[in-house]
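Taking it in order: structure first as structure tokens, then the write-up.
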């Protein structure tokens, strides 16, 4: 009994010690949840890329519940629940906690969203501004590039579904119950019991790489667009990137994304308008379309990079577990994935094709650079504004993951907590944030190639998170329930994804090394 009392007191003291940091994290989680589609309007779904951390409180509560059950042999009547306990199941059959550590109910902090709102989240994740690089992929792949746009949509839709299937296990009655909450939970389950935390570390590393590379891409595209919008100015693309980074330095002082998220919806709507303008201009030149330029040949050296570009434009798997868990009717998830990816496939294919037909061999890495100078500057300024306002989302997500892993991982963190007792950011925490901003600038300055960086990211983390890991995890966790054609699909996707990832990564690295050497000598 003394042991149980001591354990309960220890838990209460631990929760009190972490109240300040948990409050700030819970606010971010609440912002993402309450804003619904606005929180996910960053096109690569990077606003949700740290959802593994946003579910931290609930996972910790579940772990404490298991610990208490093991030691007490069940819930003790009259004692009440420990702070942080979470007696619930995502299918709604279990008990829900009466309150959260930050006050308020679970339903208040994490309201459910409809399938249409979930579809809006996914649409913004896979229909973002990086589709501006798809015509460049058609330049090096021709009709095969168009086929890959369709193929990637089918595969990413399928892997999104099997990833969600890995969240569930059948109970004694044969009913599927949600026993995991995040991509990290799935990865850890696959590596247990020998290496119970290895899978989570792999996913977190891939997540951080994708987030940081996306920040770099925003800086690169900002410098590129400004340089091509005002070619008469005696300012280089590198200098424009520096100017963009100076404007982004305040991101180092961000405590939450509430202010930034207000602009997310407007930015996304503006981007859709820009896409419509580009397509309208291309249609106005339909008589000049160069159909003979679209062939079945591929550029062996550059096409693997195009594969990475196409895959990167479909990345959304990292936030799907959190999204599905917050849907009012999770049974509609499959239907939502179908119509969002069909729409993305059609729109991306048409956009890439008509843009390439209009400019053919003159197609540039960012298609808006091909527009006439009379409208290019206006369109590019809107895109730069969107890129700068989108930068804080992946940046803040990357900072959250780094701080959680290196500074706030219970008593296992490598470094002391970067927040003071009052919640103020300490000097090394601020240094980490400023260093991350500066790192994105240095990468953008030394490797100012949008297509190369996008291809590298798609080949490295995009293929891993969207192709390789979901199929591998599905085979591992759902092996007993799989039909033969599911096994075939999973193995085929794993092999094809591995080949694409390796070839794209090698060619992207070669291109980056050449670009880096050129910029060093320049």
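Glycine is no exception: its Cβ is also placed from the backbone N, Cα and C atoms.
Bear in mind that the values here come from a model prediction, so they are computed numbers and not experimental data.
Annotated features, as they stand in TrEMBL:
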type	residues	note
COMPBIAS	72-94	compositional bias 'Basic and acidic residues'
DOMAIN	112-509	domain 'Amino acid transporter transmembrane'
REGION	70-109	region 'Disordered'
TRANSMEM	143-164	transmembrane segment
TRANSMEM	205-227	transmembrane segment
TRANSMEM	263-283	transmembrane segment
TRANSMEM	303-320	transmembrane segment
TRANSMEM	340-359	transmembrane segment
TRANSMEM	430-447	transmembrane segment
TRANSMEM	453-475	transmembrane segment
TRANSMEM	487-509	transmembrane segment
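The transmembrane segment (453-475) makes no contact with the transmembrane segment (263-283): fewer than 3 of their CB pairs lie within 8 A, with pairs spaced 6 or more apart in sequence. The transmembrane segment (303-320) shares the most Cβ pairs under 8 Å with 143-164, out of the stretches 143-164, 205-227, 340-359, 430-447. When each of the listed stretches 205-227, 340-359, 487-509 is scored by C-beta pairs under 8 angstroms to the transmembrane segment (143-164), 340-359 comes out highest. Counting Cβ pairs closer than 8 Å and at least 6 residues apart in sequence, the transmembrane segment (430-447) and the transmembrane segment (205-227) reach three or more and so form a contact.
Of the candidate ranges 205-227, 340-359, 487-509, 340-359 has the most C-beta pairs within less than 8 angstroms of the transmembrane segment (263-283).
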